[in-house]
Protein chains: 2
Amino acid sequence: MPDSVGELGEFGLIGAVTARLPQGPDVLLGPGDDSAVVAAPDGRVVVTTDLLVENRHFRRDWSDAVDIGHKAAAQNLSDIEAMGARPTSLVVGLGVPADLPVSWALGLASGLGDEAALVGASVVGGDVVRSPLVVVSVTALGSLDGGPAVTRSGARPGDVVAVCGRLGWAEAGYQVLSRGFRTPRAVVEAHRRPAVPYGAGVEAASLGATAMCDVSDGLLGDLGHVAVASGVVIDVSASAVTVAPQLKEVASALGADPLSWVLTGGDDNALVACFPAEVSLPERWTVIGVVSSGEPGVTVDGASYGSAGGHDHFAGS
Amino acid sequence: MPDSVGELGEFGLIGAVTARLPQGPDVLLGPGDDSAVVAAPDGRVVVTTDLLVENRHFRRDWSDAVDIGHKAAAQNLSDIEAMGARPTSLVVGLGVPADLPVSWALGLASGLGDEAALVGASVVGGDVVRSPLVVVSVTALGSLDGGPAVTRSGARPGDVVAVCGRLGWAEAGYQVLSRGFRTPRAVVEAHRRPAVPYGAGVEAASLGATAMCDVSDGLLGDLGHVAVASGVVIDVSASAVTVAPQLKEVASALGADPLSWVLTGGDDNALVACFPAEVSLPERWTVIGVVSSGEPGVTVDGASYGSAGGHDHFAGS
């Protein structure tokens, strides 16, 4: 096989990529036609899309192709989870420089396919084009399987707020990599590949979650979207938020505040949801706050938090 | 409103764009949450995606933002049509340089939304990120409404081959623009904004089309995909292919062969389909060839055609 995608050509690359992508039970017609056909058993389909641009959302010198594929899939699958849905499929648009190694493109495909397979979803189609820098667009589809869609707008005063999954880990990894380090490995790997709490979205919906979103921009920023959409105040209790010992160690070495990573760091793709107070939550959900009435917004221990805005993809890095 | 998308910010831009996007009857939950929810009435969803990169798939000095939006939507809606399906929705990823005028981004959104509205589809969600050059990813969803998916693999010896929509027009426009001209307007506009024969895909399916695809890479190239997928020979009759007088005029002025534009030019998003010979076709379908058995491939008047390969997105412009 040629070394670069330019030598291999569009159709050659599509063929090589497609061969790495097993098709799951929801796929009625897989890659190779004008469109794919996917099951939508209850007559509804959940859909979300993200665009990742090299040097903005990932760096080829910080993450390998497999990790970037995992991360690109994970952040979209997480958006499906956040509706209380089960991911069924992905379609991927890939822009590649002509000199990109074929092995890189195949690694990306493997990462995308393997992450999707964690939830039984499949990469069912895509597009490959030439681009001066690597661009990856991922669209995920999901099924609610007869259940309710959990939006951001249903939180009610009296609800509790709970989180499932890691927070602050990807930010810690980003801070480490930004300073030129490659360790500690646990946080660097958390930056490279989020650990989405798959299945927790459907679980939350079945437990009666009133509102939910995934934490991609930062806990307080994303809770801010829920607060505004629901017209409520969300107060987070700092003492209830888990700051892992590993994060404390890294923060101490870097002279940083690990709580701020947990409260405002993005890209971990945890899920945060509101539940009626009487709901008994499984162990992987941690109650971190409460919902009350008032001017919509988010507070920490009853007060506004310094850098609570989350990151704006235009302004931040 | 600020002049540039960098000043307006991610959330400001998303808000301004979303305000331009009316939501149609298939939209169960529109923009603003982690994912959208769209109707998939027969329990299946048709999905396709394309990635467009500035200076590769469009040029901002050749086409305005509204035209680029129309074209980006059209080429995806056409891929839904090519399955015999009805487009229901689009999601869009948009990468923008910080100095991009807000008016450009809003124009793109208008073009996307207006093209989708031609078929009753809606832009239901998306992502906006910073990028050094403009990148547009579009994913389209569609419904088969209980009908069969028409793939590329069902053509049978004895079928007729028919085309619906324009061929060669976008290529003529491209040739004109490449030489620095801006007229004739009809072909330049055909390059900027394809005239997809909406509804013809569902029509073909209901008439019993055995195979179908949209003409994005060039008639002979795309028929080649059908021939290989179906394991048949497709012979196109040159005298049956319509070469519009406008194309002849432009080709004469440029010293080019207009038939080659019709046979190999891309981006018009016509539909080409195979039908049992006894089917009575509506007037907008023109029979241009026949299907027979043999070594899979495409011929013109029984012989191979010089530049029949269609364009490879890596090699061509």
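Every residue, even glycine, has its Cβ placed from backbone N, Cα and C.
All annotation found in TrEMBL is predicted automatically rather than curated by experts.
Between the candidates B:Thr48, B:Thr88, TrEMBL assigns the Mg(2+) 4 site shared with B:Asp34, B:Asp79 to B:Thr48. Across the domain 'PurM-like N-terminal' (B:32-143), DSSP assigns 33 helix, 46 strand, 33 coil.
Between the CA atoms of B:Thr48 (Mg(2+) 4 binding site) and B:Gly126 (ATP binding site) there is a gap of 15 Å. Listed binding-site residues B:Asp50, B:Asp79, B:Arg152, B:Asp217, B:Asp267 compared with chain A at a CB cut-off under 8 A give B:Asp50, B:Asp79, B:Arg152 as the close ones. When the binding-site residues B:Thr49, B:Asp50, B:His57, B:Asp79, B:Asp127 are ranked by how far their Cα is from the Cα of B:Ser216 (ATP binding site), B:Asp79 comes first.
For the binding-site residues B:Thr49, B:His57, B:Asp267, a Cα-Cα cutoff of 10 angstroms around B:Asp79 (Mg(2+) 3 binding site) retains B:Thr49. The two recorded residues B:Arg152 (ATP binding site) and B:Asp267 (substrate binding site) have their Cα atoms spaced 19 Å from each other.
Among the binding-site residues listed (B:Asp50, B:His57, B:Asp214), B:Asp50 has its Cα nearest to the Cα of B:Gly126 (ATP binding site).
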